[in-house]
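Since the structure comes first, as structure tokens, the remarks are kept for the end.
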Amino acid sequence: MTHFEYQNGELYAENVPLSSIAEQHGTPTYVYSRAALEQQYRAFDEALASIPHQVCYAVKANSNVAVLQVLARLGSGFDIVSAGELRRVLKAGGDPTKVVFSGVGKTADELRFALDTGIGCFNVESEAELRQLDTIARSLGKRADIALRVNPDVDAKTHPYISTGLKQNKFGVDLVTAERLYREAANMGGLRIVGIASHIGSQLLDVAPYLDALDRVLALVDKLEKAGIEFEHIDVGGGLGVRYRDEQPLEPASWAAAILPKLAGRGLAVHTEPGRAIAGAAGVLLTRVELLKQTEEKNFAVIDAAMNDLLRPALYQAWMDIVPLREKSGAKPLNYDLVGPVCESGDWIGKERELALEAGDLLAVKTAGAYGFVMSSNYNTRGRAAEIMVDGDRVHLIRTRESFDDLIRNERLLERRHG
Ligand SMILES: Cc1ncc(COP(=O)(O)O)c(C=O)c1O
Ligand SMILES: N[C@@H](CCCC[NH3+])C(=O)O
């Protein structure tokens, strides 16, 4: 069930008409549904209920502290990739012992901070990181709980920019290196082996690559267990896709039903790191038509949301659904390219859409809750959008729109030269 639906020709978020939010808070504005976030988190939690498990929401998908707070209250763990994300989790009241730290470039300061915070697991992505973590942990008189992120070299059949489990990708360590490193890690005084991890890509629509990756990872687990190395958990990563257009994504329940038999009888807990599948359909981006512009070739609708607000179309040629906040009856649709005001030809949000538009119309870009606001920038000195959380009939402003003062606050004029 979606939490963004039309009632009497008006698009609602839960019990609130989105046009009232656009009128009160302006556009562009991201709007999230608390009920949708909760529903998706619970879908994963329940899908894995038959074995010990931890759902670690991938913070990078949508890191607003109110979003994290909603999930923390349900008992979610978190997959982080920076100290900044860890600070957000802590601010949101997340339990540090349920945090896993992924990422190919963790700095010494980040490792120290995460050790001091007592996070649940470091998902180590290289030999250099393994050695550095061991050294830092020993210098602090601690032992870091680790998993190696294994790169199983499987094709997740997704956009090349969001595929992560092929050997040409920068993520993780290959299976042969992982075996050697586990044996070495077992003798490192600053480390404690607790798990093994893999994450093969994002927006996956098929379970086959997960099963393929799992077979390869479990073969390594078997080898290492024979050598006396024991694991408490296996982290199967995130990556489950959502429907942007006509994709048929797997529900968490059918995904879990496919992978869990492979883990039966092993005594391993399972961790997963979904981002998009929890936050994607829980958000929309509200935007207004600034003006219409006809050229010889095209009908353009210039809207007030641009690539700096929502990068996915420009970066991945991603198709995202764009719908009016108020359905119009009788108006004749035309074929529009919906473009933003940024000075780049790649600045479009949708191409060749049949819509009946006038200046001032309000629109929603759907399924924008994941990799939306988090990938926004200040390009063209545009402030970042506001963010709103709807909860039943309540509307919470969870991030104010960035003002011009916010944008230039940290910049300094050169000091005048003396003499
Ligand atoms: C290590 C890791 N875990 C989890 C995720 C979340 O992916 P998704 O949002 O596709 O579930 C990512 C991003 O691809 C990732 O790199
Ligand atoms: N930003 C990507 C997903 C990246 C996943 C992180 N490794 C997207 O919008 O599809």
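Just so you know, glycine gets a Cβ as well, placed from its N, Cα and C.
Just so you know, TrEMBL annotations never went through curation; they're auto-generated.
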Given TrEMBL lists Gly239, Glu273, Pro274, Gly275, Arg276 for pyridoxal 5'-phosphate, the same-site residue among Tyr32, Tyr336, Tyr371, Tyr379: Tyr371
Cα separation, Lys60 (N6-(pyridoxal phosphate)lysine) to Cys343 (active site, proton donor) (Å, whole number): 27
Residues that sit under 8 angstroms from Lys60 (N6-(pyridoxal phosphate)lysine) by C-beta distance, when 6+ apart in the chain: Asp79, Val81, Glu85, Gly275, Tyr371, Val374
